[in-house]
Every structure is written in structure tokens, then in C-alpha cells.
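Since the structure comes first, as C-alpha cells, the remarks are kept for the end.
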């Protein structure tokens with residue numbers, strides 16, 4: 001009798017434990033389900049936060065650009081005279097302002113070497129050196145070095161430079177076998193890069209306005225900078241891949257780009273190639289519409305225009321930063337004996353020639369110059 005009661009008691013205890021285990025299992029399943037729902041909610045909110053973070057970052061960058069642009073406008077308005085407002089100004093103050101303006105022009109002439117007094121009068125001839133590579137690309141010499149090396153950067157997005165010992169090596173049929181290949185740590189964007197003093201300066205692909213300074217012989221990045229206001233629209237409407245076009249003339253390194261705030265007009269910026277710092281910026285009257293390329297010669301911007309379908313390239317907007325060129329009296333300058341388009345045109349101040357890439361061809365244009373009027 002006692003044994004039966006004991007067995008009955010044990011069975012009830014086992015049943016109770018089993019029910020508790022079953023409830024425990026069910027609670028665990030409920031907790032797992034709740035945790036999954038909570039995890040999904042957290043992931044969803046994190047995704048939303050990431051999107052919000054990107055939007056905030058974009059808004060902040062846009063705000064900074066607008067502030068910078070506003071500052072430039074304020075600086076300009078502060079130095080300009082509004083003819084529509086009548087203001088009584090003390091005679092001594094007017095004299096002081098005139099003296100300050102004269103001093104600023106004098107300083108600019110000293111900084112940008114007023115002795116550089118020649119300007120482009122015409123394009124004498126062309127020579128098609130070779131036809132190789134993509135429709136878009138860039139080729140050049142280093143005007144800051146004594147060697148005769150040729151640098152070829154094929155395509156509007158790439159990360160490999162081809163370096164040739166001289167132009168004859170480049171012209172050979174198996175030229176790629178004799179090239180030194182230099183791989184960049186970051187690919188370039190567009191065709192607006194330039195080689196100067198042993199360094200490649202280029203717009204980094206995927207960035208808004210980052211310019212990289214790369215040592216070609218040591219194969220390393222030595223410096224970088226952000227170019228204010230650049231990168232949002234193409235520098236030239238007919239070359240949409242190029243947002244920042246870098247140029248070299250007798251005064252060193254320049255950047256050419258367009259901004260929405262200027263109505264698409266081209267902006268030029270003088271950059272110190274050693275410190276990678278902005279020295280001065282000018283808004284030009286030259287519009288990027290129907291432009292395919294531009295270059296600098298002796299402190300003067302020359303913008304090349306064409307038809308969207310391709311035709312005879314012509315220079316019909318010129319801007320001299322020192323006002324030493326009367327651009328209203330200059331006729332359009334046409335490129336000789338060639339129908340097509342250019343993806344890049346770079347001036348070599350050492351050889352006084354243009355190195356151009358047109359429809360896959362590498363071209364040299366010889367120039368005719370004259371004294372600035």
C-alpha cells in the first residue's frame with residue numbers, strides 16, 4: 001500500500017516537472033521569437049539611421065559649399081561698386097580704396113609674373129603621333145623635368161600609368177611592351193590629370209573634389225587636397241566624365257571646373273603644387289555649355305568649344321586673370337584640318353605645344369603666339 005502511494009507521488013512529481021519543462025521550452029521559444037522581432041526592428045532602425053546619416057552628411061556638405069560660395073560673393077561685393085545705390089563716401093576713403101585696389105593688382109602681377117606677356121594668336125599645325133587606346137584619355141610630358149618621358153593615361157576611369165622613355169618608343173607598334181607600368185593606389189576620374197615636377201596630380205575616382213598628388217618614381221601618395229566648389233557638375237558639357245581639369249602653364253598648377261552657382265560658368269583656381277594650397281580663385285565669363293576642353297597659357301584661360309556630334313574645334317572664350325588681354329577683339333581660333341572632338345587638351349609650357357587626345361588619337365598642336373595687347 002505504501003509502495004503504491006510512493007509510486008503515485010513520484011508519477012505526479014515527474015508529470016509536474018515535465019509540465020514545467022514544457023512551459024520553460026515554450027517560454028524560451030517565445031523569448032527567441034521576441035528577440036528576432038526586436039533584432040529586425042533594431043536593424044530596420046539602424047538602416048534608417050544610416051540613410052539619415054548620409055542625408056545629414058550631404059546636407060552639411062551642401063551647406064558648407066553654400067557658405068563658402070556666399071563668402072566669395074561677400075568678398076566680391078565688398079570690393080565692387082553698386083552703380084544702382086547712391087552712397088556718399090568721403091574723398092579720403094575713395095582714395096584709400098583705389099590705393100588698395102592698385103596694390104592688390106600690383107601684388108597679383110608680382111605673384112603671377114607679369115613678365116609672362118605672350119598670348120595665343122593661332123594654331124599653326126597638327127601632328128597625329130599615334131592612334132591607340134580608348135576614345136577618352138590623356139597623354140603628356142613633364143614640363144618640370146629635363147627628361148623626354150611620355151606618360152599615357154588611357155580611359156576616363158583607370159589606375160595604371162604607362163611611362164615611355166621617349167616619344168619614339170611610344171610610337172613603336174609594340175609600344176606597350178616597352179612601357180613602365182605604374183599602378184596608382186586610387187583610380188582617377190575623367191581625363192583632367194597632369195604630370196609636373198615628377199608628380200601626377202589627378203581627381204580621385206569616387207570622390208567629389210579630392211585631388212591626389214602621387215610621386216611617380218617612388219609610387220606613393222605624398223599629399224591630397226579638397227578643391228572647394230568643384231566636382232558637382234562637369235567642367236565641360238561635351239566631356240561629362242571630367243569634373244576637375246588640372247592644367248600647367250608658365251606659372252605652375254591650375255584647376256579648371258564649373259559650378260552651378262555661376263550658371264555653369266568656368267572657375268579657375270591657382271594651386272601651389274608644393275603645399276597643395278589654394279592661392280587664388282577667379283570666376284570667368286566662359287560657359288561650360290558646348291565646351292569640350294580648356295587649357296592655360298601664361299595666366300590666360302582658353303576654352304575650346306565644339307558641336308555635340310563633333311566638328312571643328314574652336315577657341316571662342318578667353319579669360320586673362322590680370323586683364324592684360326582685350327578678349328572682345330579676338331576672333332575665334334580654329335583647330336586646323338581636323339573634324340572630331342577632344343577629350344583633353346594640355347599645354348606644355350616648356351615646348352610651347354598642346355598635347356591633345358582626340359577620338360583615340362594622340363595629337364600635338366604647334367602654336368603661334370604674340371605679345372599681349
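Using the three backbone atoms N, Cα and C, a Cβ is placed for every residue, glycine included.
Automated prediction, rather than curation, is the source of TrEMBL annotations.
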Would you mind telling me which of 46-80, 81-115 TrEMBL tags as coiled coil?
-> 46-80
For the disulfide-bonded residues 116, 298, the one whose C-beta sees the most other C-beta atoms within 10 angstroms | 298
